[in-house]
Structure formats: C-alpha cells, structure tokens
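First the structure, in the form of structure tokens, and then the observations on it.
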C-alpha cells in the first residue's frame, strides 16, 4: 500500500507489511482541505469530538 504521509497531499510512502490502511485526520473546526496528519495504519483510529478520521484501502486514497 502507498499512502500520503504529509499534511499537504504531495508525498507518499510505501507502508510496512501489516499496515494496509491509509488514514487522514482533520480538525472538525478547520476547513476540510487542511489535514493535520496522514499515513499508514493497521486499524482505523477512532474519530473524536475535535478530530475526524477517514480510512481507506487503496493506494494514495487519503487525499
């Protein structure tokens, strides 16, 4: 899997074995285009009151 891994969707990395999901975290109070974190994960982190988490399972899907 290849996931974007910077706040701006410019760079990606190949995920280590076992981390087959890409994720993107956004502050709910900021514009949706401003991601605070992106990367690879094995399980999708849960959203909270302030942070929305979106996970996906295709290459570079966490734009």
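Using the three backbone atoms N, Cα and C, a Cβ is placed for every residue, glycine included.
Over in Swiss-Prot, the protein carries these features:
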- 3-22: disulfide bond (DISULFID)
- 15-40: disulfide bond (DISULFID)
- 44-55: disulfide bond (DISULFID)
- 56-61: disulfide bond (DISULFID)
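Structural mapping of features recorded in Swiss-Prot.
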residue	record	DSSP (3 states)
3	disulfide bond	strand
15	disulfide bond	coil
22	disulfide bond	strand
40	disulfide bond	strand
55	disulfide bond	strand
61	disulfide bond	coil
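Neighbour list (residue 56 (disulfide bond), Cβ cut-off 8 Å, at least 6 residues apart, same chain): 21, 22, 23, 62. Once Cβ contacts within 10 Å are tallied over all protein chains shown, the disulfide-bonded residues 15, 44 are led by 15. Checking the disulfide-bonded residues (3, 44, 55, 61) against residue 15 (disulfide bond) with a 10 Å Cα-Cα cut-off leaves 3. If you take the C-beta of residue 40 (disulfide bond) and look for same-chain residues 6 or more apart in sequence within under 8 angstroms, you find 1, 3, 5, 13, 15, 16, 19, 20, 21, 22, 23. Of all the Cβ atoms in the protein chains shown, 14 others lie within 10 Å of the Cβ of residue 55 (disulfide bond). Looking only at the disulfide-bonded residues 3, 22, the densest Cβ neighbourhood within 10 Å occurs at 22.
Of the recorded residues, residue 55 (disulfide bond) and residue 61 (disulfide bond) place their C-alpha atoms 9 Å from one another. Note: residue 61 (disulfide bond) has non-local neighbours 3, 22, i.e. same-chain residues 6+ apart with C-beta under 8 A of its own C-beta.
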